[in-house]
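Asker: Got a structure for you, questions after.
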Number of protein chains: 2
Amino acid sequence: MTYPIVGMVGGGQLARMTQQAAIPLGVRLRVLAAAPEESAAQVVGDVFLGDEADLEDLRAFARGCDVLTFDHEHVPTGHLRALEADGTKVRPGPDALVHAQDKGVMREKLAAIGVPCPRNRIVADPADVAAFADEVGGWPVVLKTVRGGYDGKGVWVVRDAAQAEVPFQAGVPVLAEEKVDFARELAACVVRSPHGQAVAYPVVESVQVDGICHEVIAPAPDLSEERATEAQRIALTIAGELGVTGHLAVELFETRDGRILVNELAMRPHNSGHWTIDGAVTSQFENHLRAVLDLPLGDPRARAKWTVMVNVLGGDYPDMYHAYLHVMARDPGVKVHMYGKDVKPGRKVGHVTVCGDDLDDVRERAGHAAAYLRGSITE
Amino acid sequence: MTYPIVGMVGGGQLARMTQQAAIPLGVRLRVLAAAPEESAAQVVGDVFLGDEADLEDLRAFARGCDVLTFDHEHVPTGHLRALEADGTKVRPGPDALVHAQDKGVMREKLAAIGVPCPRNRIVADPADVAAFADEVGGWPVVLKTVRGGYDGKGVWVVRDAAQAEVPFQAGVPVLAEEKVDFARELAACVVRSPHGQAVAYPVVESVQVDGICHEVIAPAPDLSEERATEAQRIALTIAGELGVTGHLAVELFETRDGRILVNELAMRPHNSGHWTIDGAVTSQFENHLRAVLDLPLGDPRARAKWTVMVNVLGGDYPDMYHAYLHVMARDPGVKVHMYGKDVKPGRKVGHVTVCGDDLDDVRERAGHAAAYLRGSITE
């Protein structure tokens, strides 16, 4: 057997879906998980139980892996540097990954390479936030802890100095950003190999509800070719300038006055790319694996006119499997993706995808299936 | 967790590809393998090492599984009946599966339900084969052991009574069949659930080399709609009359005088359906799982005008991974599927699939990728 072993740190759904892509490639996926019941640990033969924050666990996990990659951004930068010093291939490497871990570092770098962002700066205290509000034309202001946020956590929209006190309580540096008057949110996903080859997926529209991705439409409807190309160029520039290897998701605001601004970065497979499993010639998961192995990248083009992905959140009913009967009988074309996670209200436990020629029809079908699985509709 | 556990007997590539389909469904796949390095055992978390011919091993494996299914037809019928008597759901059940295990039983049943087959009968010895040759218009005659054959093994084309001696040496009953003057081989694949729902995949052309499937073209080129519907109807009739649950592949001859005759049956995912992973809305593996779980079946329709699958056989070079560099760089649209098997000359170790609008282009690309991986071409 001459096939490589890819070690993925993290046992969540991204590692689980990466296993789907690893199987046909013949690549062995080894997962570092905290517990055997984690999403990916259920479906991978080679599970290493350990603590991703413990350098010795990471070292033991990396032994025998040809390359290390990640299903999240939580591994401390210092540990990644130590692994590299050991001779382990870490992709993306710590110099790139820090931009997805620290929003302050990310904003500074994007400004330096000329990528358009919301106005922002690190703020010292609530009074400094008030000063920032004056600088950008008034409240509200967005505050973010520079590390540790995701899915709406670690992010606050504040309307006065009193409200601005909470974010400072964690003792982590706080970044202030202008509240962008956006028309919608887009995502530009690209994949880059160590060799420097890169591919860009079609730009998608991402519909958020309560700070959590609800729906992704590929491609973004009514997006001009110029705007789409600009978004892809921004993502490719970031990937190249930051030295990203693997999948990079760039979450974007499209403003009401016609500008594209960078919101967030993720250097791993990302929710805005789940549609590619069913909707693209090469999924984000396969291309992430190909990139970290420095294999030539696969065709990122869409396979259907429209692909819509809707996340399935946990509802009040713990048994989603029973809902398969209705969902599958109603629509033989819906693709169900479950993550093997216990259902908790509001928790992302899966997604559904529908491809087709008629956008309204595709959205209705995907939305219905997700809502029925959650239990928020009953017919 | 309320998701079911499907136990698949056999650790080959069919179980491996079933795991790819089980992951998004949230269904747990448990595999009975003979050794941990078997194809499926590499990629499944829940591997039971045992002997599929040992009833107590089968019983221990079945404990905790919601349903039992198969990646091959080798489990003795008596064992399956014993498992059913224990209360285990066995799908397909022994009464159906025997028709895929015993070619004599299969021919008798197909005659009884009026499905067209090559002329055939059980023969007692070489002299009886000569008598059969007279009955069907002369030599050559095809001889098959009623049990145990696959991929050209257990099948002989004999031109006289002297050549007819070898098949009888195994001590297994021998079936004689007329040598059909076929124009080409087709396959009609259907999936049927215990509930009685059934879906039919597009009829494909299967190109064999030395008795082994080399290439599958979906849909079969230049097949009239009438002929295609007839082939699907034959497969659906067999599935219904034999009480098949799960995937049924019906290998067919299209004769030069315009008839469709049944060659072989397989009651499991089958090589003639591998194209569905990339080329159909619902793969044969997903629909097999849905069927054995009695879930509503998924849309079997093709996603592209043409899909071509070519098997990758082992060649002289043991390192196929190295060939990925050229294959993937030459063609970003080719889908590689490797089975994690050691390369041995002539052994099926993977397949490649290409989808597209131009059949000549799609065939060239798939054929090139498979030949390069094998090492039979070097550029």
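Heads up, residue numbers simply count up from 1 along the chain you see.
For all residues, glycine too, the Cβ spot is worked out from N, Cα and C.
So TrEMBL says this about it:
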BINDING   B:Lys103, B:Lys144, B:Glu177, B:Glu178, B:Lys179, B:Val180, B:Glu185, B:Asn263, B:Glu264  ATP binding site
DOMAIN    B:107-293  domain 'ATP-grasp'
Asker: Tell me the coarse DSSP state (helix, strand, coil) of B:Lys103 (ATP binding site).
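Answerer: Looking at the DSSP assignment, B:Lys103 (ATP binding site) belongs to a helix.
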Asker: Which of these binding-site residues has the least crowded Cβ, counting other Cβ atoms within 10 Å: B:Lys103, B:Lys179?
Answerer: B:Lys179
Asker: Over all pairs in B:Lys103, B:Lys144, B:Glu177, B:Glu178, B:Lys179, B:Val180, B:Glu185, B:Asn263, B:Glu264, the listed ATP binding residues, work out the largest Cα-Cα distance in Å.
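Answerer: Taking every pair of listed residues, the largest Cα separation comes to 18 Å.
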Asker: Are there any residues at least 6 positions away along the chain from B:Glu264 (ATP binding site) with a Cβ closer than 8 Å to its Cβ? List them or say none.
Answerer: B:Lys103, B:Val250, B:Glu251
Asker: Summarise the model's confidence over the domain 'ATP-grasp' (B:107-293) as a mean pLDDT value.
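Answerer: It averages 95.
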Asker: Which residues of the same chain, at least 6 positions away in sequence, have a Cβ lying under 8 Å from the Cβ of B:Glu177 (ATP binding site)?
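Answerer: Result: B:Pro118, B:Arg119, B:Asn120, B:Val141, B:Val142, B:Leu143, B:Lys144.
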Asker: In which DSSP state, out of helix, strand and coil, do we find B:Lys179 (ATP binding site)?
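Answerer: Looking at the DSSP assignment, B:Lys179 (ATP binding site) belongs to neither helix nor strand, so coil.
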Asker: To see if you understand the setup: which same-chain residues, six or more apart in sequence, place their Cβ under 8 Å from that of B:Glu185 (ATP binding site)?
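Answerer: Once residues fewer than 6 apart are set aside, B:Glu185 (ATP binding site) is near B:Glu205, B:Ser206, B:Val207, B:Gln208, B:Glu251, B:Leu252, B:Phe253, B:Glu254, B:Asn263.
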